[in-house]
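Please read the structure below before turning to the comments.
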Amino acid sequence: MLEFEQGFNHLATLKVIGVGGGGNNAVNRMIDHGMNNVEFIAINTDGQALNLSKAESKIQIGEKLTRGLGAGANPEIGKKAAEESREQIEDAIQGADMVFVTAGMGGGTGTGAAPVVAKIAKEMGALTVGVVTRPFGFEGRKRQTQAAAGVESMKAAVDTLIVIPNDRLLDIVDKSTPMMEAFKEADNVLRQGVQGISDLIAVSGEVNLDFADVKTIMSNQGSALMGIGVSSGENRAVEAAKKAISSPLLETSIVGAQGVLMNITGGESLSLFEAQEAADIVQDAADEDVNMIFGTVINPELQDEIVVTVIATGFEDKPSSQGRKATSTGFGSSVNSSSNHQSGASAKEDSFSAHTSHSQSSESVNERSHTTKDDDIPSFIRNREERRSRRTRR
């Protein structure tokens, strides 16, 4: 179902809270990039690390418990530190309509304190979104186990959760990419999501979206996908939509999403046909009965560029794809093409795949051969054609 939302746009208050070393670093990089209409808060048990934060609000938690020396990679200490400093956290969150809590899972402060911070934010009535990373495989089993427990705690505390496995950074960078540049790629998922929502609710459009629309799609929805796609030139709408729904860093693909908030921003040349093209790409990739709320904004400064922002939620719980190399919605052009990628999106591709045994009939083999030629066609386009074919046969 495609809904058009029109009316007055109320400006909501957005706050981004970085918890622990990883969360603090993410906040610093977002501040360096430059963002408007967002308040940044840094929370840590390590007083020395907190001094390096560029956030306007800094909270040292668990001063009595840790004496400012950190959580020692113990999530239980991180949790108790946040509980000790609950009042300070509440004061910092006060007045927020939406709170992003970002942290690295696997250590002490981020893993233990971030779920407590998120729970406080949600209890105070803020729409609460978690953006967390899983540790690299080489960091060891103990850290992976702690991270898994932290992710589950975050799921229980937030409205929606976005998980970025650090191992996937290895798929989108080459061997010569500096480490800090690689981490910026992960931070971009958070930055683009926050920037996209900020723009959605702060800029009035021809077909308008407001904070109520964001809440409709993101409240109590579990896993989420947030993405922004930018393109220009021929097929710009289609290309921007593809980029928005295909981040190789995320554990969740858009396949099966039951709720989608989509905004298209373009110059005065943005046409109705282009808006329809972009919406079709997103709608066909999501669930057949998706609740899709759609908005457009005309920004003359963009000239030939189109920006597509997508927030997708309402996924059925699926086994974690932590061990898989990258998500796939049929695109992922930034991913190393030599890798063998598979994700939740590929579940819909299985009926088209060429994995057949030698005992199959010649008809099956012919079908496999035909499918192989179409391997470069995005799965959701093939799904769309299949649905249309079924409707025609009826």
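Even glycines carry a Cβ here, placed using N, Cα and C.
The following features are taken from Swiss-Prot:
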BINDING   GLY21, GLY22, GLY23, ASN24, ASN25, GLY108, THR109, GLY110, GLU139, ARG143, ASP187  GTP binding site
REGION    317-394  region 'Disordered'
COMPBIAS  328-346  compositional bias 'Low complexity'
COMPBIAS  353-364  compositional bias 'Low complexity'
COMPBIAS  365-388  compositional bias 'Basic and acidic residues'
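Overlay of Swiss-Prot feature records on the structure.
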{"residue": "GLY21", "record": "GTP binding site", "Cβ contacts under 8 Å, 6 or more apart": "ASN44, ASP46, ALA49, GLY104, GLY107, THR109, GLY110"}
{"residue": "GLY23", "record": "GTP binding site", "Cβ contacts under 8 Å, 6 or more apart": "ILE17, ALA42, ILE43, VAL101, THR102, ALA103, GLY104, GLY110, ALA114"}
{"residue": "ASN25", "record": "GTP binding site", "Cβ contacts under 8 Å, 6 or more apart": "GLY18, PHE183, ASP187"}
{"residue": "GLU139", "record": "GTP binding site", "Cβ contacts under 8 Å, 6 or more apart": "GLY106"}
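Pairwise Cα distances among GLY21, GLY22, GLY23, ASN24, ASN25, GLY108, THR109, GLY110, GLU139, ARG143, ASP187, the recorded GTP-binding residues, top out at 21 Å. Counting every protein chain shown, the number of other Cβ atoms lying within 10 Å of the Cβ of THR109 (GTP binding site) is 34. ASP187 (GTP binding site): 22 other CB atoms within 10 A of its CB, across all protein chains.
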